[in-house]
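Quick look at what TrEMBL lists:
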type: TRANSMEM; residues: C:25-52; note: transmembrane segment
type: TRANSMEM; residues: C:73-94; note: transmembrane segment
type: TRANSMEM; residues: C:106-128; note: transmembrane segment
type: TRANSMEM; residues: C:149-167; note: transmembrane segment
type: TRANSMEM; residues: C:246-265; note: transmembrane segment
């Protein structure tokens, strides 16, 4: 079941002098089982939109259908907890949400809140650790003894352990070194490929968007500016320029070569294929 | 004379495991040097030792030829400034002007001189229209530019950037990277940038690679990037321009790897028109 | 947080905004003393006139000032209840079974409420017309003479101004952590006591961890920029008293003296 967002509007501190319109009529149908990127400049409404998806922000105007729930204004959703279980939201720098004495207890915190017994929750915590690339033996250690990257893995494990259908990630790789970032992204991709989880990724990193995502949503001033599949999006470097984002290296190179008279298949987004195409162009002219 | 000279430096936080192990290095005056290495390689620790926030267990640090010690720490700090990673946690004043003034106040600059210095420094980073702005109303990139202005105000010879762009959005990142190059344009300031951004590394003049608290490699970006396998083992990726030009070199299209996309495009265009 | 009037700076560009913070702090102190002089009901007249004039000059509405009383409402009602139950002097106004209301209880409470009201409005004027940093600077300058007896005025001022600087940052952080924990099923409204305790822990612990982290980084940044509490510093912001400042001080003193006069005359 896809996520259906209709005419969603949101204003912060409405009616006060500080009122600020963050979302201005969002219409989206985000497909199930795919990886969808949300991009846009700071203040474009990304985090406001994302916080609607698990009910952290209540719908003011419009509606959302997600994970079997229908969200609309003035409704008292008793099952909001269940919604939050089904839609896992990983915030930016999630390592700042750790608080328990042991890693195991911290990961088990969510499941216990969602109704598991402590024993069941701890059992789940044990099985989730290897999935985020941490050793099971760490379970009794304090999360505060870990390195920054490992802390983040524990925090992410704390969301994954709820086994959400939909996983919303806000800049999950920010601040990690390139290797750490890649490992992190691979973890999410495997959840998508192997377990069919729907993933929504808020990111500034166009290399990640190109490499991992199926669709791209561009937000600007609280409106959907573009919504298309990733390849279509990256065939239009000018769209990225308009929102002040540098295209990935391969897109820039392709564009520059095309401007200089090279004929390159717009479908190429792979380094190896591009190299072959360039080779044929440079040599065939002889 | 080198801007920084480090000899046999050893540092540990808990006196058990050494974070920096007998490091020696020199950073030429007026250069734009980048320090790379994955998280936990000792990069940020070395920055803190250089500005005297951490005291090494062994070895010496010389700044512009003077050895850093307890007595001259205060004096030497007017020669070296640092911009940290988190834009919020280094914004001390309640407005942009107050924050730039902070360093001047500490240096006992006479009050009547401050306004001119503040305006001049703010102008250098393009923040002169924001002198009365409060930090909550500024973007991360703007806050980092204010941090730079605060350091420029005391006219240091060396500026260290400790992953200063890693928490910024792409616009902020681009603007700070441009600012860093601008600061080094006249070669009258030494820039040391600790970074993960390989495109920034490609634009620097000198690169130091740290791994497990030791200097693994040092040299020009060309020299460093020639060791592709070692870098990849350390989890450091090559800039895209270099990756693709290396591939084209292997295919016999290009003669050698190139560091910027413009160079790649230029070389390919020449080849194309020749044929 | 949008509705709290107490302590919020309003950039209204009034005469009072431009006054020296030292003046405003001293005027506040003088008026506070006047409020506490037991000059009877008439004693409040000059004070009220002074405060109304100050409100007018600050371009603040009476409604804004009264809104700052909101958080005190509960306390006032509580006070009234206690006084009615405890104080059994004066004339009897009302009796129903064991329950009785005497005049003194009500009058005393009204006096206290009036004092509180005047003090809060006065403080609101100060904070609404003075930027926190100017306030700190004024405080530092006023405390300067006490440095001779070992009071570290500039360190206190630095601590206050940094605390003020980080309030918005920490509020933002709190919101973020609350959201993050809510996404892990924390429910602050429902749930058993044990669950609520856990919920509060899940908020407080990360908040402290990150606050200490920030403090550590801030200390590094300050030290790297040459801050050394043991060394003298120059100051960028200078304070200067103008004729309006002297006028305000004179008026406040007149209020105080007239109250003292009323008090003496009453005896």
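Every residue, even glycine, has its Cβ placed from backbone N, Cα and C.
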Long-range neighbours of the transmembrane segment (C:73-94), counting only residues six or more past its ends (CB under 8 A): 100-109, 112-113, 116
The transmembrane segment (C:106-128) touching the transmembrane segment (C:246-265) per 3+ Cβ pairs under 8 Å rule: no
Chain residues outside the transmembrane segment (C:106-128) and at least six past its termini with a C-beta under 8 angstroms from it: 5-10, 12, 16, 24-25, 28, 31-32, 35-36, 44, 47-48, 51, 54-55, 58, 60, 64-66, 68-69, 72, 76, 79-80, 83-84, 87, 90, 93, 135
Same-chain residues near the transmembrane segment (C:149-167), Cβ under 8 Å, at least 6 residues beyond its ends: 132-133, 136-137, 139-140, 143, 214, 218, 229, 233
